[in-house]
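Residues or ranges marked as domain '4Fe-4S ferredoxin-type' in TrEMBL: 230-251. Per TrEMBL, region 'Disordered' is recorded for 17-55, 129-155, 200-222.
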Amino acid sequence: MNGKQQADNQSIRRVTIRIHRAKPMPDHAGAPSGRHRSNPFATDHGPAGPGRRQRLKRWTQDYLLDARPEDTLLDLLLTIKREQDPGLAFRYSCGHGMCGSDGAAVNGKPALLCEATVADCQAYTQAAPFRPTGTGSERRPSPGHLDQPGPFHDPAQLSQDHLLVELGPLPGFPVLRDLIVDTTLMFDAIDQIHPWLQPGPADGALDAEGAATNPKGGPGSLEVRQTKDQLAAYEQLSDCIDCGLCEAACPIWSGGEAFIGPAALVAAARFIHDSRDDRAIQRLEDLGGEDGLSACQSIRACSRPCPRGIDVGETIWDLIERSHHPQQPSHL
């Protein structure tokens, strides 16, 4: 065995992946015993149908495996799905932080599974991210593999070489199954702000180089010009991958019924700051409803988990200030 192999073996550590799982319960609404009183807080959204929320069976399950510090949590979940539990459900696609489909709560914090590594995760402490109820014998054993640790370890039983990582679905989103959540409300909110460029009409005149004289472009334009400063005003905002981590971190959003959400506001800001768009003032006015900018409490928790480095809280605050002076030019 060479030195590299010895170093690799020394870096391998035992990891317990604790997953907060869920699966849909059978619908017995048609049976007399399955009828429930109407819920005044139910909405018309969600996979369970109009006015009803999906009933779920929830439990916690532990999976024990060996991992290297550079392994991502997505790597570990794929290993679990291949070797231990084919029924485990989670979303993923590109595997390198570009699609935004694999968001989850990692030790209680929103993160992308493909970007969070074993080295990034903190060791198990008594301050568990998902605090269990009950003590001692009141805690039920894990319904998972019998030869694996139960869901509630005594911290003294875990060595320094043993890491516990707790995974759950993104907070604030309706859970469909295991780590899969329903993002319909988030994308509906983004659609409401018309996330596409709406330039003004071209005046038909061309300059000596054949470019439309209207700097915003539009039908009939051959070229739309922007300065570096005009591009920089919205370029990073266009990097948003709609992963929903900012929504999960926001304590106000919580499902999108009272607040349009930070993801939709970032999408709106991307076009409000674009010098080619002709509806900046109208877009700001559209955000003036009770569920728009006024619902934001400027807590700025939305800025912390963004995988693209967007300062979501500052972006929203900039929109709030611009909404007070809508006639002011919205771009550089």
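Even glycines carry a Cβ here, placed using N, Cα and C.
TrEMBL does not curate its annotations; it predicts them automatically.
Taken together, the residues of the domain '4Fe-4S ferredoxin-type' (230-251) have an average pLDDT of 96. The DSSP breakdown of the domain '4Fe-4S ferredoxin-type' (230-251), given as helix, strand and coil counts, is 11 helix, 0 strand, 11 coil.
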